[in-house]
Amino acid sequence: MDEEQMWKGFFFKLQELKMNPPTEHEHQLQDGDDGFFEKFGSLLRQKSQIDEGVLKSSLAPLEENGSGGEEDSDESPDGTLQLSQDSECTSIDTFATESTLASSSDKDISTSVLDSAPVMNVTDLYEEILFEIFNNIGCENNEECTNSLVEFVQDAFKIPNATHEEIYEAARLKEPPNVRLNVEIIKAENLMSKDSNGLSDPFVTLYLESNGSHRYNSSVKPATLNPIWEEHFSLPITENARDEVLIVEVWDFDAAETVKEKVNKILDVKGVKGLSKLMKEIAVTASSGKHDNELIGRAAITLKSIPVSGLTVWYNLEKGSKGRSRGSLLVNLALSAEKNKSVAVQEHKNLLKLLLMYELETSQVANYWWSGKFSPNAELIRSQHAAQSGLTPFDCALSQWHAYSTIHETHKLNFTLFNSILDVVVPVITYMQNDSEDVKTFWDGVKRLLPSCFAVLRKLRSKNTSDKNIIRALNEVLDILKKIKELEVPESVDIFPKSVYGWLHTNDTDETCNIDTAIEDAINTGTREWLEHIVEGSRQSKNTETDDEKLQYVIKLIQMVRSDLQRAMEYFDKIFYHKIQLNYSAVLYLFYDSKLAEICKSIIIEVCNNIKRLDVPDDQFEYLPNLENVNMGTTLFEVYLILKRYVQLGESLCSEPLELSNFYPWFERGVTHWLDISIIKALSRIQKAIDLDQLKAVDETVKYSSSAVDTLSIFYQIKIFWQQLDWPEVEGSYIFVAKIVNDLCRCCIFYAQQMSRRVENIFIADDNNKNFILSEEWCIAINNMDYIRQSLPSFIKELSIDDIIKRLGEYRTNLEAERCASTIKTVIENALDTERNQIVELIEIVARKMAPPIRRYLAEGAEVLAKDSNSMDQLMMYLESSLATLYDTLNEINFQRILDGIWSELSIIMYDLIQSNLDKRRPPAFFQNLNNTLQTMMDCFKMGNLQTSDIKILSSIQSRLRLYSLETSDLIHQYYLERLENQKSQESSPYGQLTITAQLTDTGLLLNILNARNLLPMDSNGSVDSFVKASFMPTSRFNDVPTVKTNVHNKSCFPLYDQEFRINLSDHQRSEKNSLIVFSIKDKDLFGMSSQYIAESYISFADLEATPPGEQIMMNLSRPEYTDSESLRALEYRLGDKQAKDFLKKLKNRSFS
């Protein structure tokens, strides 16, 4: 099986199982260790993912001292903040710690609100406002409107009726003010061209219709149809302003030029119309010398159309009754009265304060709500005063800045108001002298406003707020701070007095505080207050806390801090960076870093030091410790994961070194302890999984059972633990992963041993209780063991060992890295070898259990007398049934292994049967039957093409059976065939050589014995009287063929026989290629009574056919040796056979002669 495919299959199987709820089997399996691995693996990872989602929710706010009761809280029942749905109408009590402003008496107003001035009090200001009401400008003056405004002012100023009547009459008798019309000529567009070049040289003339002789002219803008002037004019109005009309004319300036100068302009002429204009100008100049300006167009503006707040509008230019467009002019118009500037500004400041105080009291406006919109009457009075006082937009804005910042100290106003005022004030203030009165007024307002701005930064976690209100207020505050910090603070102004900003860290140093440092200090101060709040609120009594409770406290603390950071990143980071280029969450993290490191380190080290060392079982697994009372929960590891994620967050936010980055050494003892527990619990879980295993395939697509899946699930959870651990230090990482690898290998070995023991006791017999029936359980057990073994490398690869080794080489040396890699590789290989041996051992057990019936059937089937026995059929049925079970259940590799085991056991059986039946002097027919049975088995299961050691052994057994099944003469012949092969392998012989020629003919054999060489001397005189005797083997084939011999040649070691023999042979005799001719050379004694054996040689009919006719054949002479020959051993077992006995006796005599 491809290991990668196997791992993928298992992975998808696990994913499928995880999608379903735990089964009864899983409950039983996890009950023993309370789901130890699931807690540390998948469940803890899922919990981490859930926690990540929870962190994205709003954070429970920090409770303020003086916050309202439950009815003022924006919290939901689950403690999270709910966003306001009606942000425009909801009170924004976000950062208020002060009570709402109470109504004030007249005395309070005059003393705490109005500025001190030698000529200004409430009655004076009241009289001035009444006077402006009676003499308003820019709107219709009717009695009903006047009465409404008078009543409003009396209420706002809190003037008694008696005093009011007196002041009322005095205001009516005053002379009306001198009114002026303030005009700004801004620009014109698309003017009609009046010059020959297609352009004009425009300027503006303006005058009142009642006084046409008093005209005001702007500058000339040469050669343009879209001039920009931006010039101001102030026209006194002597008649009734409502009846006046302002005339605005745009003229084309015609400079005084000579005819020659005009002619020179001919190159600038544009079009036929331009040429015509130039010719006309030349003619006029030449005839009269006049240089008249030409009117482009005019506009008439009635002053009664101008509102009190002024007007900026485009007017179309006209001339006569012609409808042709002559362009348009942008003009700004405003009416004002003549008044002392300083007095007017002072009046306006006090008026704004009085109007705002009255607005806040009557409308019951909440803190941070009012954003600058007065009631209609109040707005009319304010704008009328500004108009009649001739105040510029800057004067009004600076007065508002002063008045509103003063009120803001006692009743908080919306920051949008101040932000909009700064847009008007800052561009002007930037260019003023630092010692000017306006600059002082501005910075006084800044000093009054800044404390509330920094309060916003400090109270971002306030209880009485929704996230929308926080963001809205923060945007405005940061805009305000950004605009203020761009200004240069005068040396005489201290905007951060210690009496107000006691929380600034610069108070304890010589550093100069500025807006930027104050912002960071405000953030840190608020963060410190928040941290102190959650630290005190989360911790139980230190004296009664257990280790687990201490860790839960750390988890809760980090989660709340992380939640605060999450909200900072989600809601505030973009705002801070966009507004003031500050990384808000990085500032928070750096503050939290040192504080959390101090808190967490002491707790974690204390908890880890309380851990007791465990007694881990050795590789013999003789006992498994009881861990019922020694069970570290997931809490410590959960703390590690939370800290790891927290540090990763910090590294992404901050470039500075972090104290918490070195948190992992605190957990070394805890991780070691967990790994010790994990191996013990893994072994116990594996044992229980095997006990619960029914040894049935988990489904139809696989061939392994539940215990294999359960074991790999343990590995999977351990892998998840390691990936979650992600130990950063390379040496420690190697130590831990090496232990994990070793533990996984030990688990695999333990599984193989326990699974083997489980199935060894399973014995299913047939109906007669004689034969072992190979059940599916045995096959599943083998598959389980092999599946675990094949899965091990894949799991170990998932631990990223190669990456750790690579990092180790970079940290240390490549040599050390290679040594470490070799160590891990050896551990894995040893485990795989041990598992393989365990599988082979189990396969051998199966084969040994199948051996008795196989032996019995083989023995019964080989009996000569049991010809009608069906033992052979029974044997084949037994094997087919067993092999069918194996084939259907085992995978291909294990099926091949068990086949090898069966045939290996079969070789042992055959050896035993052969040996035992040889001892019993069984006839050759017995061995013939046995051989036939073996051959049938091999043919049936197609074993002939397999090249394994066991098949070679069976082939050897088959050869022995064929040998033992031969008759005695055939055995003797077999022995001589062996001698022939031995003869051919000899290069020389001490007994000499024999030379012949031989040829098979149609009728027989033509044999010519030629000579012999170097015969071994047999006589004392060193000579020999030799002759050659030729016989045919096997004797059973050549009974009718006589033996031939040569004449005796005396006293010669090189006899020349040269004798020819014609021997008749049948066709059958000639066709047998393995037939032999045995040549025996003997020495005849002196008296011719007996002959002494010298040596012999052999040649087969096959060799004769292969030799060309007439070619001499030289054969080495040899003496037969009584060696360890299979043929001789077979003959030795036939002691009751006379032919065998005589042959062996003869052979021994020749061998030792």
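The backbone N, Cα and C atoms fix where each Cβ goes, glycine too.
Listed in Swiss-Prot for this protein:
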- ASP195, ASP201, ASP252, PHE253, ASP254: Ca(2+) 1 binding site (BINDING)
- ASP1019, ASP1025, ASP1083, ASP1085: Ca(2+) 2 binding site (BINDING)
- 162-288: domain 'C2 1' (DOMAIN)
- 637-755: domain 'MHD1' (DOMAIN)
- 869-975: domain 'MHD2' (DOMAIN)
- 990-1114: domain 'C2 2' (DOMAIN)
- 54-84: region 'Disordered' (REGION)
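With the fewest other Cβ atoms inside 10 Å of its Cβ, the least crowded of the binding-site residues ASP195, ASP201, ASP254, ASP1083, ASP1085 in this structure is ASP1085.
Straight-line distance linking the Cα atoms of ASP1019 (Ca(2+) 2 binding site) and ASP254 (Ca(2+) 1 binding site), rounded to a whole number, equals 166 Å.
Scoring each of the binding-site residues (ASP252, ASP1019) by how many neighbouring Cβ atoms lie within 10 Å, the top position goes to ASP252. Here the CA atom of ASP254 (Ca(2+) 1 binding site) lies 164 Å from the CA atom of ASP1083 (Ca(2+) 2 binding site).
Between the CA atoms of ASP1025 (Ca(2+) 2 binding site) and PHE253 (Ca(2+) 1 binding site) there is a gap of 164 Å. Summarising the environment of ASP1025 (Ca(2+) 2 binding site), the number of other Cβ atoms within 10 Å of its Cβ, over all protein chains shown, is 20. For the pair formed by ASP195 (Ca(2+) 1 binding site) and ASP1085 (Ca(2+) 2 binding site), distance between Cα atoms is given as 164 Å, rounded to the nearest Å. In this view, PHE253 (Ca(2+) 1 binding site) is surrounded by 18 other Cβ atoms within 10 Å of its Cβ, with every protein chain counted. Spacing of ASP252 (Ca(2+) 1 binding site) relative to ASP1085 (Ca(2+) 2 binding site) is 168 Å (Cα to Cα, whole number).
Checking each of the binding-site residues ASP201, PHE253, ASP254 against ASP1085 (Ca(2+) 2 binding site) by C-alpha distance, the shortest gap belongs to ASP201. In the predicted model, the domain 'MHD1' (637-755) has a mean pLDDT of 86. Under DSSP, the residues of the domain 'C2 2' (990-1114) split into helix, strand and coil as follows: 11 helix, 59 strand, 55 coil.
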